[in-house]
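Some features that Swiss-Prot has for this protein:
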type	residues	note
DOMAIN	75-148	domain 'Inhibitor I9'
ACT_SITE	ASP185	active site, charge relay system
DISULFID	CYS222-CYS254	disulfide bond
ACT_SITE	HIS225	active site, charge relay system
DISULFID	CYS322-CYS357	disulfide bond
ACT_SITE	SER385	active site, charge relay system
REGION	451-684	region 'C-terminal domain'
DISULFID	CYS456-CYS526	disulfide bond
DISULFID	CYS476-CYS525	disulfide bond
DISULFID	CYS485-CYS508	disulfide bond
DISULFID	CYS533-CYS600	disulfide bond
DISULFID	CYS551-CYS599	disulfide bond
DISULFID	CYS561-CYS587	disulfide bond
DISULFID	CYS607-CYS678	disulfide bond
DISULFID	CYS625-CYS677	disulfide bond
DISULFID	CYS634-CYS653	disulfide bond
Amino acid sequence: MGTVSSRRLWWPLPLLLLLLLGPPGARAQEDDDGDYEELVLALRSEEDGPADALQHGATATFHRCAKDPWRLPGTYVVVLKDSDAHRSQPERTARRLQAQAARRGYLIKLLHVFHHLLPGFLVKMSRDLLELALRLPHVDYIEEDSSVFAQSIPWNLERITPARYRADEYQPPNGGSLVEVYLLDTSIQSSHREIEGRVMVTDFESVPEEDGTRFHRQASKCDSHGTHLAGVVSGRDAGVAKGASLRSLHVLNCQGKGTVSSALIGLEFIRKSQLVQPVGPLVVLLPLAGGYSRVLNAACRRLAGAGVVLVAAAGNFRDDACLYSPASAPEVITVGATNAQDQPLTLGTLGTNFGRCVDLFAPGEDIIGASSDCSTCFVSRSGTSQAAAHVAGIAAMMLSAEPELTLAELRQRLIHFSAKDVINEAWFPEDQRVLTPNLVATLPPSTHGAGWQLFCRTVWSAHSGPTRMATAMARCAPDEELLSCSSFSRSGKRRGERIEAQGGRRVCLAPNAFGGEGVYAVARCCLLPQANCSVHTAPPAGAGMGTRAHCHQQGHVLTGCSSHWEMKDLGTHKPPVLKPRGQPDQCMGHSGASTHASCCYAPGLECKVKEHGLPAPQEQVTVACEEGWTLTGCSALPGTSHVLGAYAVDDTCVVRSRDVSTTGSTSEEAVAAVAICCRSRHLA
């Protein structure tokens, strides 16, 4: 998008007065028609300066895309504070901005007002007015618009079918007919035989001009990205959920390019449609990616809070998915791509994104689907867009079988039933391997009967950073229960972890240590209806004694252990036995550390502790839960100062230590992994 000119405008005084003080009746008529473009005059200030200068004296914050080529300066999303979000406040704030800018003589164009998704508005104005806008009392933050891109450059149907259920043809448990899927993409050729009668092309269109031309090409001349994805989701022959209906929103131009603001307006269109005519379960497919966007992530959070399932492409940049939106939004199910050998998708020098913001992977290479070249044509395409379309189709089938599933329940089921440990992790950067889930999506063996299964997943925090007071924080989804907390540092310099309540929710905190390079907090998040959980803490016991913490309340069981300390190095500590005979399960900690027992009561819940230790230090020690049991807690017994941390991988507890060849460890510094395994007695 181009910006409105910011040069000084010298207009004759009579004409200026006529524009600003023209007949009120005429202006009211223009407003009623909805075609009146809000143009206000202003006075030039200075040339664009550094973004940091915008914060001087302002109460709001300014955000822009970290990737300069994707920025669209001159167009801004202004987001208001929720506490001030009266329905008329966005218009009032926009007009106040225009009135104040009028004294400075610029042109400001009001492009859109948000009501149904988040309180705010979209404006086109000079960057010189940003500081003025940031000072407005109701403004929370302002984000510069930026570009988003399509992420696309029948083995796939076989791959998503569990091996023991594979037949000569793809036979899904249902067609997903009770679910409506919204697709934000390019235009779609709805007359293609693969999707004819299954796609409704809405009248929504918000696309930027194509690069190098001022004219939009006809829909039939587009690159068929939207048509292909519609076929992957619900095509008659090559589709995943063959009975799902689709609604198409046109937010990407024929070059596969859109904007954050267009995606926002599209999401608000969906929310408004949901309010006007509530229907059954909704899935929104977001096969696009742009730079990290606070406002786009916030919009996804709002829509997910309204019960909508959002599935997004991780991105095709062979990079950390947390650097992109909407892939980085925690409320979005983010999907990476694999090939026919279950290996990460490679696209020349690029490939699938990865990291802690990815939930799982799905087929994304050489996917056969509908082509807009003709009504019977097919084409092969690759990318994380195709992978996300597979998961959207699987989600549609799961929601058709169980329409009351929440987002948290759906995500946990997708993770639980995925094929595990099939991806070659060596493809990922070394620092991302432990963070990236080794999961490839498959259909559940049955879309019913999982009601009593205990589902858990591992959630990694962002890296804390290297400062002394830096603290990493991992949190679960609102419908999940935090059952345990652990930490991990590649340097080994950390100060443990603990669970705290913040804003009415429990979070997992892990502080960095002096001289450390940063730390991760690792939360174990589970679905545990009717749970009553608490943390019991035992202070440091003193020299020569281990610290013990256990559950005090009757009926509560131990689900996790953690500990934290203030000193730089705890030193070595030879631990006693985990559970003295005749005593309940308990957490053991170093004598110099505070030890925390995470305890929960839930109907039918039972848990047990498993320990596996080695007499000499090893780089990795693991202990796994038996079939039918779910890992809820993972920790290391206090036996060595060389432990890097502990984390859960599916139902296996992993404890990592520094390379023994460089540590000078002794045989007394044993390493032990402690797993807490739980299940519902309804399944026993």
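Here, residue 1 is simply the first one shown, and the rest follow in order.
For all residues, glycine too, the Cβ spot is worked out from N, Cα and C.
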Neighbour count, 10 Å Cβ-Cβ cut-off, for SER385 (active site, charge relay system): what number do you get?
34
Of all the disulfide-bonded residues given, CYS322, CYS508, CYS525, CYS600, CYS678, which has the fewest Cβ neighbours within 10 Å once its own Cβ is left out?
CYS322
Given the recorded positions CYS322, SER385, CYS625, CYS653, find the one whose Cα is closest in space to the Cα of HIS225 (active site, charge relay system).
SER385
On a C-alpha basis, identify the one among CYS476, CYS561, CYS653 that is nearest to CYS526 (disulfide bond); the candidates are the disulfide-bonded residues.
CYS476
Reading the DSSP string in three states, the entry for CYS525 (disulfide bond) is strand
If you count other Cβ atoms within 10 Å of each one's Cβ, which of the disulfide-bonded residues CYS476, CYS526, CYS533, CYS625, CYS634 has the most?
CYS634
When distances run from the Cα of CYS322 (disulfide bond) to each of the recorded positions SER385, CYS456, CYS551, CYS599, CYS607, the nearest one:
SER385
CYS600 (disulfide bond) to CYS551 (disulfide bond): how many Å between their Cα atoms?
9
What whole-number Å value do you get for the CA-CA distance of CYS653 (disulfide bond) and CYS678 (disulfide bond)?
13
CB neighbours within 10 A of CYS551 (disulfide bond), counting all protein chains shown, number 23
If you count CB neighbours within 10 Å, which one among the disulfide-bonded residues CYS254, CYS456, CYS485 has the smallest count?
CYS254
